[in-house]
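Novice: Have a look at this one before I ask anything.
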Amino acid sequence: MKTLLLTLVVVTIVCLDLGDSLICYQAYNTPQTCAPGENLCYTKTWCDYWCHVKGKRIDLGCAATCPTAKPGEDVTCCSRDKCNPHPLQRPR
């Protein structure tokens with residue numbers, strides 16, 4: 001009986017996802033827990049028509065794979081909690 005119980009406990013532990021979910025910034029100073037399978041944080045920046053007035057557009061979030069940069073975009077990815085802060089949050 002003890003062997004059966006021990007086996008059930010081991011199977012339960014192996015089947016459960018005991019790892020922590022990744023936390024990424026989704027907007028300025030707004031961290032959010034990523035969905036299962038999304039193991040990367042990304043920062044995407046690009047210029048639009050108003051870039052000369054407002055600066056670059058910034059998109060932050062979680063991803064399963066690093067987004068591919070289109071022409072004119074810069075994309076960076078990382079895999080630690082809160083590793084993609086908004087550029088205005090970064091220490092100077």
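In case you wondered, yes, glycine gets a Cβ from its N, Cα and C as well.
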Novice: Of the candidates Cys41, Cys47, which does Swiss-Prot name as forming a disulfide with Cys24?
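Specialist: Among Cys41, Cys47, the record in Swiss-Prot lists Cys41 as the disulfide partner of Cys24.
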Novice: Pick out which of Cys77, Cys78 Swiss-Prot lists as the disulfide partner of Cys66.
Specialist: Cys77
Novice: What subset of the disulfide-bonded residues Cys24, Cys41, Cys47, Cys66, Cys77 lies within 10 angstroms of Cys83 (disulfide bond) at the C-alpha level?
Specialist: Cys24, Cys41, Cys77
